[in-house]
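Visitor: Under the heading Mg(2+) binding site, TrEMBL lists Asp50, His185, Ser187, Glu342. Residues or ranges marked as Zn(2+) 2 binding site by TrEMBL: Asp50, His357, Asp394, His395, His469. Residues annotated as active site, phosphoserine intermediate in TrEMBL: Ser124. Summarising the annotation, TrEMBL assigns Zn(2+) 1 binding site to Asp353.
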Amino acid sequence: PNTYLALLLPPDSEKTPGYWNEGARRSLELALALQPAAQRAKNIILFMGDGMGLPTMSAARIYKGQLAGGSGEESVLAMETFPHVALAKVSGVALGVALLPLPETPLIPACFQTYTIDRQVPDSAGTGTAYLCGVKANAKTLGLSGAAIYGKCRTSFGNEVDSILHRARLAGKSVGIVTTTRVQHASPGAAYAHSASRSWYADANMPKEALRDGCKDIAYQLVHNTDINVILGGGRMYMTPKWTLDPEYPEDPAQNGTRKDGVDLIAEWLSAKQGARYVWDKKGLDAVEDDSVSHLMGLFEPKDMKYELNRNASTDPSIVEMTEKAIRILRRNPNGFFLFVEDDIPHAGGRIDHGHHSGRAKQALMEAVMLDRAVARAGELTSPSDTLTVVTADHSHVFTFGGNTLRGNSILGLAPKKAKDKRAYTSILYGNGPGYSIRDGARPAASLPAAEDKDYRQQAAVPLESETHSGEDVVVLAQGPMAHLFHGVQEQHYIAHAMAYAACIEPYATEPGCGTARRVSHGTQCSPQPLLALLALCLAAHMVGG
């Protein structure tokens, strides 16, 4: 409400108590009118900002407002308009099961922990397995339970866990993946692959022992494990035989195909899907008629897609454009759809994540703004009456902003006062990373306009080749059917369970209100009955003070 008032009233209105009182009253009225949407979801869209921790979201909000010509602080992200908010824990102690709330549970913020079984601060593979497959796992493993050991092929057999995307497809829904990284990357890979290493992109990236033991690379599994209707992102080189020229960079041998088995996975995928299309640039994507294809694969770069600030808008689609195309194709299914959309907030995963890893805050913030634009566009193409939309992050980064900056200060600008070393510093800083620098025995002073360049590296306290993830909780925002299930402080794997419950997907296909939803085989997913029984025991113990 305050945002809308700010558009109508002069800035001086903020100095009056009435401005804030009226804004709070309107927010209260909205809160009092909020009712749980208890019907089941036909569609689910999961937006995942790789590395989009709370500091990144806050900074992106300001950056969005400043891009629009405002001071920034009063801006609101589209995802922040969602009525239900939770946090996911990235570090802590797991209870070991996901407990769905009783209907009378109060609608309170939720917190989700993102740690993995073996790490306090997680990676994108372990977290992807949690929020997509519903179980905590070991770092750097994909679609496997904690019994699997990183890099040990044989430990993966019998320890596979299926994602909600896979189970949604078996339930008759259309499914899709949109990512600004390579489609074989850790986050999207958790939606379809079972791999003892997140780095086994193609057979050329696998050790001989793993190949000998019968493990398959992630690109191979993309084509063979799950019937995915829409696949949009990067990662061409892992799909074609070694020395295959890249269609966009035929003069650059570093972009050639890498497969040693001689298999053209793109051709194999096309031949196996009636009505399938493959495209590799924006022109091809734009030419695809939404009602003419049942399956669409678009691979727009040999590896990861380019940062938004580096993107050639005439040749490469944006995350907004890819999301729209995916929804228009998937929503034709009368049974509904499941769509996973990832933007890496720049480091080396989604582009948000990749930006942070490289210490380039402007790149990261622009990716976060673009993810929010995709959220907004998805909201225009769907209805909250039948579509559950969830926005979250897999982990955060050692990224912060502060320095007692004044209202309206550029989020990429300088703090108003110099540091103790009498040198200027930027509001945004990193705890570690490549931005660490000592020249002539001292920290170099930050300056404008250099600090606002897209490739400027904000200073870091500790020298590292790549900035690291951080372990604080991440936010979860939700709207639509059963969005109220996202509440309280939760483990990250709860996200997959809440989404499955909302859409009557296994293991919750026979819950009340699910009609005749089909049961499917789903690996080692647990059934809801033990969970509900454990919940009853917990409540009983609480009532007797246990």
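Every residue, even glycine, has its Cβ placed from backbone N, Cα and C.
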Visitor: For the C-alpha pair, I'd like the distance in angstrom between His185 (Mg(2+) binding site) and Asp394 (Zn(2+) 2 binding site), rounded off.
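Guide: Each residue's Cα considered, His185 (Mg(2+) binding site) and Asp394 (Zn(2+) 2 binding site) end up 13 Å apart.
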Visitor: Could you state the whole-number distance in Å separating the C-alpha atoms of Asp50 (Mg(2+) binding site) and the residue listed as 'active site, phosphoserine intermediate'?
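Guide: The residue listed as 'active site, phosphoserine intermediate' has its Cα 8 Å from the Cα of Asp50 (Mg(2+) binding site).
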Visitor: Using only C-alpha positions, which one of Ser124, His357, Asp394, His469 is spatially nearest Ser187 (Mg(2+) binding site)? These are the recorded positions in the record.
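Guide: Considering only the listed recorded positions, the nearest one is Ser124.
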Visitor: Within the chain of His469 (Zn(2+) 2 binding site), which residues six or more apart in sequence place their C-beta under 8 angstroms from its C-beta?
Guide: Gly51, Val121, Pro122, Asp123, His395, Ser396, His397, Val398
Visitor: Rounded to an integer, what is the Cα-Cα distance in Å between Glu342 (Mg(2+) binding site) and His357 (Zn(2+) 2 binding site)?
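Guide: For Glu342 (Mg(2+) binding site) versus His357 (Zn(2+) 2 binding site), the Cα atoms are 16 Å apart.
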Visitor: Measuring Cα to Cα, how far is the residue listed as 'active site, phosphoserine intermediate' from Asp394 (Zn(2+) 2 binding site) in Å?
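Guide: Counting only the Cα atoms, the answer is 6 Å.
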Visitor: Judged by the number of other CB atoms within 10 angstroms, which among Asp50, Glu342, Asp394 is the least packed of the binding-site residues?
Guide: Glu342
Visitor: Of His185, His357, His395, the binding-site residues given in the record, which has the fewest other CB atoms within 10 A of its CB?
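Guide: Each of the binding-site residues His185, His357, His395 was scored by Cβ atoms within 10 Å; lowest is His357.
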Visitor: If you count Cβ atoms within 10 Å of each one, which of the recorded positions Ser124, Ser187 comes out on top?
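Guide: It comes out as Ser124.
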